[in-house]
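Listed in Swiss-Prot for this protein:
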BINDING   CYS7, CYS10, CYS47, CYS48  Zn(2+) binding site
Amino acid sequence: MMVPVRCFSCGTVVGEHWEAFKARAETHDGDEDPADVLDDLGVDRHCCRRMLIAHQDLVDVVSPYQ
């Protein structure tokens, strides 16, 4: 749904990295490897990395039904 603000496991703020991660790693051109993007953003913990990699942004799909 919405981007999580904090990691569910350790509580580190991860929401601030979503826009940069999305712009660099999730383009259809396949510009950069997601692991390299997360390294550049300083997201080191595995639990925090999975929060960004596994997130599906569905807020635009769900919002008409509210």
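A Cβ is built for glycine as well, from the same backbone N, Cα and C atoms used for every other residue.
Listed in chain order, the extra residues whose Cβ falls within 8 Å of the Cβ center of the Zn(2+) site residues CYS7, CYS10, CYS47, CYS48 are ARG6, PHE8, SER9, GLY11, THR12, VAL14, ARG45, HIS46, ARG49, ARG50, MET51. In terms of local Cβ density within 10 Å, CYS48 ranks first among the binding-site residues CYS7, CYS10, CYS47, CYS48. A coil conformation is recorded for CYS7 (Zn(2+) binding site) in the three-state DSSP classification, outside any helix or strand.
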